[in-house]
Structures are given as C-alpha cells and as structure tokens.
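Trainee: What follows is a structure written as structure tokens; I'll ask about it next.
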Amino acid sequence: MLLLLPIGLQAQVRTERLLEKGWRFTRDDAPAFAEPSYDDSRWQEVTVPHDWAIYGPFSAGNDLQHTAIAQDGQTQAVEHAGRTGGLPFVGTGWYRLRFEVPERNEGRRCTLLFDGAMSHARVYVNGREAIRWPNGYNSFHTDITPLLNPGGENLLAVRLENLPESSRWYPGAGIYRNVHLIVTDEAHVPVWGTQIITRRADEASARVRQCTALAVPQGKSPADYAIETAVTDPAGRIVARHRQSAGADFGDHCFEQEFTIDRPALWSPDTPALYTSTSEIYEGGELKDRYVTVFGIRTVEAVQGEGFRLNGKPLKFRGVCLHHDLGPLGGIVNESAIRHRIRLLKEMGCNAIRTSHNMPAPELIEICDETGMMVMAESFDEWETKKVENGYHKEFGQWAERDLVNLVRRFRNNPSVVMWCIGNEVPDQWNGDRGPKLSLRLQNICHREDPTRPVTQGMDAPDAVTANNMAAVMDIPGFNYRPHLYARNYLRLPQEMILGSETASTISSRGIYKFPVVRRSMPRYDDHQASSYDVEHCGWSNLPEDDFIQHDDRPYCMGEFVWTGFDYLGEPTPYYSDWPSHSSLFGIIDLAGIPKDRYWLYRSKWNPEAETLHILPHWNWKGREGEVTPVFIYTNYPEAELFINGRSQGRRRKDTGVTIDNSADSVSAADLKRQRRYRLMWMDTRYEPGTVKAVAYDEEGNAVAEREIRTAGEPYRIVLEADRTVIAADGKDYAFVTVRVEDRQGTPCPLADNEIRFEVTGAGYYRAGANGNPASLEPFQRPRMKLFSGMMTAVIAPTERPGTITVKATSPGLKKATVEIRSEAATQR
Ligand code: GAL
C-alpha cells in the first residue's frame with residue numbers, strides 16, 4: 001500500500017501524521033528485508049500499533065526462565081513458567097511500509113518519531129539504517145531527509161528483536177506504539193523543541209518561561225528569524241503574547257520568552273486546566289513553522305520535613321503503580337482503553353500513577369494531563385547490575401543518558417508529570433560505591449534537562465541505602481515495601497520525608513474466597529488463586545492498612561504508590577512455577593478491568609466524599625451451611641450494623657484507637673488489628689443462604705445508607721453493559737462491555753463460569769475479551785470465553801464506517817443478550 005500525504009498539506013508549514021495502516025509484518029529474519037526491492041507481498045498486513053505476541057498461544061515454554069529471584073528471597077534457581085506471561089514475545093519481527101512524502105520536498109525536512117518499539121529497533125529507510133534504539137519503551141526520533149527519494153516512493157523497514165530472559169513481566173512485542181512522520185521547513189522547531197516552565201504561580205498571577213529551540217538551514221543563523229508566541233487559556237482566549245524580532249542574539253539556538261498570566265487556572269488533579277502555546281517562526285514576513293505546546297501552570301516542591309507540595313499546598317499521593325500492558329490488548333497503546341482505566345482509578349480516589357518500571361506511552365501522559373492524574377514517570381528497572389540475564393544492564397553504559405534525556409524531553413511540558421523516577425530496586429543499591437554515584441549521575445541528568453521537578457527512585461534495601469547514602473542523595477527518597485522501617489529510615493535521612501514508592505503487594509483474585517480467613521504470606525492453592533478477603537500478601541509485602549496507617553499518622557510520609565492498580569500480564573507471584581498462571585494477582589482491579597473487593601477498600605479511604613458500602617464475600621456457599629463465614633464491609637462511614645436474614649450480627653465501628661505502635665507486633669498482625677481501623681469485620685458469622693444486609697451510620701449515629709446482597713439462584717440470563725454506547729468510527733475507539741450472568745430475580749451469579757459466545761455485526765467487531773482469571777489460557781481474541789466469578793469484559797472495536805454495532809452474547813441454557821453501540825464519524829460528534 002502506498003501512503004500519500006494529502007496535497008493540501010504541502011502548503012502547510014508543518015504536517016504530522018501517524019503511520020498506522022498498510023504495514024507488512026513477518027516473524028522471519030533476513031538482511032534482505034531492509035531492501036526496497038524485497039517482495040513482502042506475502043507478509044501479513046497489519047495496522048500499527050501492533051503487538052505480535054498477544055495473539056499467543058500461551059505456553060509454559062515461552063520464555064521459560066530458570067533462575068533465582070533475589071529480590072523475592074529465592075536462593076536457588078527454580079523454573080518460572082509465566083514470569084513474562086507465557087506469550088511468544090521472544091524472537092525477531094520485521095515491519096515494512098511504503099510511503100511517499102510531498103513531491104516538492106526541496107527545502108523540507110522529514111523526521112520519523114517512534115513512541116516506542118519493542119525492542120532493539122533497527123530502522124531502515126530505502127535500505128540504509130536511519131537509527132537504532134535498544135530500549136523498547138522509549139521514544140526516539142531521527143531526521144530521514146537525506147535518505148529519502150525526492151518525490152518518489154520510499155521504503156521504511158523496522159527490525160525488532162526480543163531476547164529471552166530480558167524482562168520480569170510481559171513486555172509486549174513489535175511496533176506497539178505510534179509512529180509519526182513529521183514534515184517541516186528547513187527552519188523549524190525540532191522534536192520536543194520547547195520547554196515551558198512555571199517560574200512562580202499563585203492565584204493572582206503566574207510567570208511562565210518558554211525556551212524554544214530552532215533548527216536552521218546551513219548558512220543561516222537563528223538570529224535571522226523572528227518568533228511570535230501566543231498563549232491561550234483553557235477556554236481558548238489569548239492571555240499572553242510575545243514577539244521577538246529577528247536580529248536578537250539567541251545564544252544556544254534557543255529563544256527565551258517570558259509571560260505573565262493574571263489569575264491563572266492552576267493545574268491540579270481536581271482542576272486539570274491546560275494552556276496552549278503556539279509559536280510561529282518567521283523569516284522576513286514568511287511563516288516557516290508553527291509549533292504548538294500544551295502545558296499546565298503549577299508548581300511542585302519537595303519540602304524538607306514536610307513532603308510534597310502542589311501549588312504550595314501539601315498533598316499526599318494516593319497512587320498506584322501500573323505496568324504498560326492493557327490486559328487482553330497486550331502492549332499496544334490505545335486511548336479508549338487508557339481512558340477506561342483512568343476513569344476507574346479516579347473514581348476510586350486515586351490521584352497518581354507510577355509508570356513502573358519504564359517510559360510511558362505519550363497517550364497515557366496526555367490523558368493524565370487532561371483528566372487530572374499526577375504521574376511519577378519512570379525510566380529503568382536495571383542499571384549496571386543485572387536482574388535478568390538479558391536485561392537493560394547490557395545497554396545501560398551506552399544508553400542510559402540518551403534514554404533518560406528522551407524521557408525528560410518528551411514529557412517535561414506535561415503538568416501531570418510531577419516527578420521523575422530513575423530506577424526501581426536496582427541491585428546497585430548494595431554497591432556502596434557505585435549505587436550513590438549512579439544515583440547522582442542520573443538525578444543530575446534529570447535536573448539538567450528539567451530544573452523544576454524532584455527526582456526519586458524506588459529502593460527496597462533500606463539498610464544498605466541509608467548506610468551508603470544512596471537514599472540521602474535523592475531529592476525524594478522512595479522506599480518499596482517495609483513500612484515498619486519508615487520511622488528508622490526517616491531518622492537517617494537529611495530530607496526528613498519518606499515516599500512509599502511501592503507498597504502493599506496484597507494479592508487477591510476477584511470473587512475467590514479462602515477459608516479459614518487468616519492473614520497469610522505467599523499462600524498457594526491448587527486453583528492458583530488468592531483470597532479476595534484481602535488478607536494475603538507476599539513475603540516482603542503487606543496488607544493495605546499497614547501502609548494507610550503510616551501515611552495517616554506520620555506527617556513526613558508523603559503517600560504511596562500501591563503495587564498495582566491493575567493486574568498485568570506476567571509475574572504471577574506466588575505461582576512462580578505453577579503453570580498455568582499468566583498474570584499477576586496484585587491488582588486492585590483485575591486484568592479484565594473489573595474491580596476486586598479491594599477497590600472498595602481503597603475507595604472508602606481515598607474518596608471519602610463518595611458513598612462506599614461494599615459487602616464481601618458473595619453469599620453463595622452451598623455446602624458451607626452453618627460454617628463460620630466471615631463478612632467484611634468496606635465503607636467510608638465509621639460504623640455499620642450487619643444483618644443475616646434479618647438477624648442482627650452486631651454493630652461494628654472502625655477502631656480509631658489502633659496506632660502504629662500498638663499494632664506493630666506479630667500477634668496484632670495475625671489478629672488483623674490494623675484492619676479494624678479501616679474495615680468492619682464480623683469474623684464469626686455463619687453461612688446460611690438468604691440475605692446479608694449492611695446499614696451504615698454516620699458520625700452522629702444516623703442510619704445513612706443501606707446495602708443488601710443475596711444468595712443467587714441458578715444462572716438464567718446474560719446481561720451486557722457497555723461503558724459507552726456512542727463511540728467514534730475511527731477503528732480504535734473501543735467500547736468495554738461488562739458481561740455477567742443473573743438468576744431469574746436479577747441477582748448476579750457469583751459462581752457462574754458459563755462459556756459465552758459473542759457475535760458482533762454491523763459497524764464493528766470483537767476485538768478481545770478477558771475474564772480476570774490468572775490461570776485461564778483462553779486466547780484473548782477468540783469471541784468466546786468462560787466467565788470467571790460470574791463476569792468478564794468484551795472489548796468491541798468500531799470499523800471506520802459509521803453505523804450501528806450489535807453485540808450478541810449467547811450460552812447454552814441461558815437467555816441471550818444484545819447491546820447496541822453506535823459509532824459516529826468525527827463530524828457527527
Ligand atoms: C517489587 C518490584 C515489582 C514487583 C513487585 C511484586 O519488588 O519492584 O516490580 O516485582 O515487587 O511484589
């Protein structure tokens with residue numbers, strides 16, 4: 001397929017388009033694939049973003065790792081079957097695309113920008129290597145003008161290669177993020193060429209400085225050009241303008257412009273106000289470039305003894321760590337999937353995301369800007385010392401600076417990014433000499449590229465890093481786990497603040513409950529699940545309340561980033577060797593995007609203004625009649641009464657007398673003492689079929705809310721619920737359809753595992769599905785799947801033709817269901 005830039009665009013000073021369609025793809029490998037003359041017509045036709053491995057099939061043999069995970073306390077090598085998800089990401093893949101650029105490209109520059117390609121990219125244009133970039137998560141760009149056939153057809157070829165044992169989770173595979181083709185004049189603002197800094201800001205006014213780089217043709221100097229910048233507020237009104245005439249001394253090819261903005265709308269999670277700067281570059285009277293930068297006005301500070309401040313106000317992080325995969329969609333970037341996730345997190349009261357352990361997709365950051373979600377943007381999981389055999393330690397020496405520079409330059413204008421993270425539990429922590437030096441070096445690179453944001457890293461060896469000063473040299477010392485050591489770490493640190501850079505690692509499976517209900521570390525069950533009573537964790541980790549209490553009671557604790565917001569592909573701890581197990585159990589939300597019970601615990605704490613009154617477990621325990629079956633309530637209210645079949649089981653109140661110190665011993669831990677401060681627990685209720693009702697009371701003792709669950713009868717009908725019933729007819733605005741089974745009375749059936757078949761007709765198709773079962777090996781793309789704990793999610797894609805999409809779900813013995821989704825052309829929207 002030939003890609004032509006629309007003729008009209010040639011007249012524009014700058015054009016940018018995504019190279020999405022018409023790619024050819026193969027898993028074979030040969031040097032000839034870079035050559036324009038090679039015939040690729042037999043290759044698979046694919047659309048980018050594309051993840052070649054998510055189509056499976058799952059197999060224990062895919063990237064089977066035989067190793068001891070030191071971080072997890074393993075001293076002897078064991079077999080790790082699903083560590084990277086059991087999907088076929090290892091090996092090579094080639095992508096080829098034929099494209100044209102405007103005929104009159106005399107005096108024009110052409111740049112390719114990759115948002116990320118997994119991994120070890122080698123990019124060829126017309127048979128010649130244009131750039132290579134090993135890190136699969138990072139953005140990189142290159143000017144391809146000299147390699148182009150003026151006015152003719154060009155061939156872009158990309159070779160990717162993923163090594164075995166190169167990751168600790170599912171990395172995805174392929175050109176899984178967007179590729180941009182940017183055409184400019186010879187005189188132009190280069191990629192990521194602006195830097196906009198809030199110098200100071202309060203409600204009355206803000207001072208903002210913009211630096212703009214300029215690339216100029218040979219024989220010219222930046223002083224030959226003028227720049228005019230206009231800043232518009234969130235409503236599109238021009239609020240500042242500045243013109244710098246030609247002839248000035250632009251020093252290091254960088255125009256500096258300063259703006260005062262009265263009564264600025266400050267960016268924050270509650271007020272995600274975005275400003276736009278549009279800079280025009282002129283040579284004489286001729287417009288050469290128009291460059292748009294979206295930014296926010298806000299200040300961030302890490303204050304000694306106090307913690308983090310946004311716009312001068314103290315703020316604690318209620319954050320989650322997120323790996324990059326989008327569950328059944330794999331590594332591909334997709335805006336609608338990201339929005340769906342952020343909606344769920346915001347509704348839970350989450351205010352920050354840590355992009356563990358790598359550079360995020362630009363779409364994620366832009367959506368965080370827009371919706372008000374702070375970001376800790378991370379770079380590396382390894383420095384010089386290896387965690388996995390073929391990990392980033394092999395590239396670190398040569399690439400670390402370039403990788404970090406690209407991360408910072410790409411996202412330095414995004415207001416959601418409030419700090420940089422240079423590493424995660426790097427084994428260099430234990431190296432008293434190298435650890436602190438490397439920390440300083442990487443932190444300094446961040447400061448050099450961006451003097452406004454603090455830098456942190458997640459460290460899990462508190463004794464080592466407080467002894468060798470690796471923690472002391474950081475702007476913000478970030479600690480992974482071990483909250484019981486925070487107070488001691490604090491005394492050893494000049495910054496007098498502690499960030500919970502990674503916390504909890506509580507494990508659970510949605511809708512699965514284990515008896516007796518006891519706190520357990522690294523439990524393993526035959527079904528490869530973990531209990532949704534939220535009492536199970538890893539050897540190094542803890543329960544949510546062990547973190548809540550620290551950040552509530554110690555003013556210097558800055559808040560936390562929970563491991564993790566969503567389940568992700570790979571790392572099915574503690575089922576290291578127990579295949580099948582393809583995804584993690586750490587998520588507050590499962591791989592299908594369905595909240596687990598824990599979601600309501602975090603919501604009750606993090607979003608106290610919203611009413612939460614959640615009862616667990618489900619009430620379908622045939623065979624457990626008369627047996628002790630504890631009931632927990634997660635609520636924002638201080639007190640509740642529980643009724644089983646109308647009989648009161650007593651009133652419970654959150655125990656505010658529990659403190660860090662009086663609950664620090666092992667007996668208190670086993671007794672779930674801290675949990676009594678944050679959840680309401682009836683530990684000795686007995687099961688009998690019927691109803692479980694909760695009545696919540698406010699501080700004044702008024703009954704303010706009521707909730708009831710009941711024992712479900714036989715599965716009777718399928719119920720479909722789409723997150724949106726109107727989407728864009730652009731091929732990528734997916735709808736997320738929640739699928740559940742109910743009995744005749746409309747009670748959800750929590751044990752239903754019926755296989756549901758989908759038939760999608762009209763202007764869309766079945767894109768993928770997931771049920772959140774980490775031990776399922778059903779392919780995500782097949783339009784039929786078994787429910788897990790009574791539910792699953794179907795992802796429906798629109799075609800590019802507007803119309804109605806009909807999703808029909810059937811299963812033998814169940815009443816079928818349909819849902820209609822309308823897809824509209826951009827002009828209709
Ligand atoms: C941490 C690590 C994460 C993940 C987590 C599981 O040590 O930083 O990447 O492995 O443990 O608890």
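Glycine is treated like the rest: Cβ placed from N, Cα and C.
Feature table excerpt (TrEMBL):
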DOMAIN    19-182  domain 'Glycosyl hydrolases family 2 sugar binding'
DOMAIN    195-298  domain 'Glycoside hydrolase family 2 immunoglobulin-like beta-sandwich'
DOMAIN    303-461  domain 'Glycoside hydrolase family 2 catalytic'
DOMAIN    626-705  domain 'DUF4982'
DOMAIN    718-820  domain 'Glycoside hydrolase family 2'
Trainee: Output the single range from 19-182, 195-298, 303-461, 626-705 maximising the number of Cβ pairs under 8 Å to the domain 'Glycoside hydrolase family 2' (718-820).
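Mentor: Between the candidates 19-182, 195-298, 303-461, 626-705, the best contact partner of the domain 'Glycoside hydrolase family 2' (718-820) is 303-461.
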Trainee: Mind checking how the domain 'DUF4982' (626-705) divides into helix, strand and coil residues in DSSP?
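Mentor: Summed over the domain 'DUF4982' (626-705), the classes give 12 helix, 33 strand, 35 coil.
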Trainee: For the domain 'Glycoside hydrolase family 2 immunoglobulin-like beta-sandwich' (195-298), how many residues does DSSP put in helix, in strand and in coil?
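Mentor: Counts, helix then strand then coil: 3 helix, 60 strand, 41 coil.
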Trainee: Take the domain 'Glycoside hydrolase family 2' (718-820) and count its residues per DSSP category (helix H/G/I, strand E/B, coil), listing them in that order.
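Mentor: In the domain 'Glycoside hydrolase family 2' (718-820), the DSSP-based counts are 0 helix, 57 strand, 46 coil.
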Trainee: Averaging the per-residue pLDDT over the domain 'Glycoside hydrolase family 2' (718-820), what integer do you get?
Mentor: 98
